[in-house]
């Protein structure tokens with residue numbers, strides 16, 4: 001990834017100029033980060049330790065929690081360290097690593113969410129064939145395909161972005177190395193290669209989104225045909241958390257990358273980046289555990305086991 005630029009570091013956007021607000025930002029992000037680590041860590045531990053949760057739905061949820069941990073760990077710790085040390089600098093290679101890991105993990109998460117929509121569709125619309133279609137081997141293959149495609153996307157975008165000569169300075173107007181903000185630093189017309197890669201990605205993202213929407217149209221059609229109210233409630237409780245996570249992920253990311261330039265401002269871009277890069281990994285564990293009785297029971301069992309070990 002050669003680059004004709006002479007500088008060896010980027011300057012990230014600071015959340016605040018005064019020392020008091022910088023420390024406030026540090027403590028706020030520290031609380032959010034610890035909440036994300038705790039929530040996702042508990043879900044991973046509960047699924048791994050409880051054999052009743054060794055099903056396709058929870059296997060993909062475990063993958064989602066791992067991705068959430070990776071995503072928030074890519075952006076938040078560096079921003080916290082900069083606020084604590086009163087600096088804005090990030091090295092060229094740290095920035096490249098941040099772009100790769102964030103793109104890799106975020107695109108993999110979206111692929112996993114698409115696979116989870118298919119899992120819910122098979123469970124509700126084709127229950128008699130669920131064990132055959134969603135076998136352990138098939139689930140591992142789908143998860144591996146999601147991780148592999150995310151890795152390739154991350155590699156593609158990182159290589160393309162950092163092969164572009166940068167002529168507009170080294171100030172990135174974001175709290176982490178975000179591709180659209182780096183492209184603003186590129187030389188005239190040199191960014192078209194990365195724009196082509198982004199357009200290809202958007203087409204694939206839109207295709208996955210249409211697949212998720214069509215899956216849920218068929219899911220809700222099937223659910224409404226269920227005669228018992230208890231059956232409908234159980235089906236909705238299985239699907240609504242996933243639908244909420246998809247909506248949060250897609251809406252914030254689409255607004256961040258597709259909003260018109262007239263709406264763009266440093267403050268708004270900063271808020272939107274927090275909404276799609278920091279908030280989902282933190283609230284996803286809460287969304288999935290709120291109405292999930294099996295997961296709640298597993299968490300209670302895990303807490304009781306920990307308390308017994310301490311006595």
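Every residue gets a Cβ built from N, Cα and C, even glycine.
Just so you know, TrEMBL annotations never went through curation; they're auto-generated.
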Range annotated as transmembrane segment in TrEMBL, from 26-49, 50-73: 26-49
Region pair the transmembrane segment (270-290) / the transmembrane segment (138-156), three or more CB pairs under 8 Å: no
Residues of the parent chain within Cβ reach of the transmembrane segment (138-156), under 8 Å, 6 or more residues beyond its termini: 56, 59-60, 63, 99-109, 111-112, 114-115, 118, 197, 201
